Amino acid sequence: MAAAGWRDGSGQEKYRLVVVGGGGVGKSALTIQFIQSYFVTDYDPTIEDSYTKQCVIDDRAARLDILDTAGQEEFGAMREQYMRTGEGFLLVFSVTDRGSFEEIYKFQRQILRVKDRDEFPMILIGNKADLDHQRQVTQEEGQQLARQLKVTYMEASAKIRMNVDQAFHELVRVIRKFQEQECPPSPEPTRKEKDKKGCHCVIF
């Protein structure tokens, strides 16, 4: 079977996802909407929350451990600690906040530095897409940034549950593809090798 996130005792695939982005972009709202199908209206700055959800993605059962991180700068060191264990990252900005869009570069570079990699599983999410009248970042700008970062771009809305499940599921697909490239499955033995293994000589 193809490589996957590490498996628990039941053989189920398990993935560690980390949600990162600036303060107030809706990271917690996206996460809670995905986990509990509930929209959080009050903004309460997160220090760190973790959630677990069982899913079936492309006919493969998976357990997702999701870490919702602090956007505030004073929690930067704590965020790096979580980045070390993450297997995939949702880079979240608000389409109504130009500053949060410009911060994405910082988060992406921080992840790659912590991982000591040139690339790593991430997707870019433009949240609050329902607030089109307050938009400060166009869809084209989001797509352009995603091309520069070599990641998938989606616009989402935690409020109206737009592309919420799709965002988390797509990140799992990106992780699976990355892990399969890193650790490709062992090739099937050839007929000749099978015959060789099946041949036993008995000497009298």
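Please read every residue number as a count from 1 along the shown chain.
Heads up, the Cβ atoms here are built off N, Cα and C, so glycines get one too.
Sequence annotations record features per position, and here Swiss-Prot assigns N-acetylalanine to Ala2.
Residues or ranges marked as GTP binding site by Swiss-Prot: 21-29, 68-72, 127-130, 157-159. Counting every protein chain shown, 22 other Cβ atoms lie within 10 Å of the Cβ of Ser157 (GTP binding site). In the three-state DSSP scheme, Ser157 (GTP binding site) falls into the strand class.
Annotation source Swiss-Prot lists motif 'Effector region' at 43-51.
What Swiss-Prot lists as phosphoserine is Ser186, and the listing cites a large-scale study or a structure entry.
The feature N6-palmitoyl lysine is assigned by Swiss-Prot to Lys192 (among others).
Summarising the annotation, Swiss-Prot assigns N6-palmitoyl lysine to Lys194 (among others).
Annotation source Swiss-Prot lists N6-palmitoyl lysine at Lys196 (among others).
Annotated N6-palmitoyl lysine per Swiss-Prot: Lys197 (among others), in sequence order.
Annotation source Swiss-Prot lists cysteine methyl ester at Cys201, citing a curator's inference.
According to DSSP, Lys128 (GTP binding site) is assigned to coil rather than to any helix or strand. Around the Cβ of Asp68 (GTP binding site), 25 further Cβ atoms fall within 10 Å across all displayed protein chains.
Over all protein chains present, the Cβ of Gly21 (GTP binding site) has 26 other Cβ atoms lying within 10 Å. Note: Lys128 (GTP binding site) has non-local neighbours Val25, Gly26, Ser94, Val95, Thr96, Gln134, Ser157, Ala158, Lys159, i.e. same-chain residues 6+ apart with C-beta under 8 A of its own C-beta.
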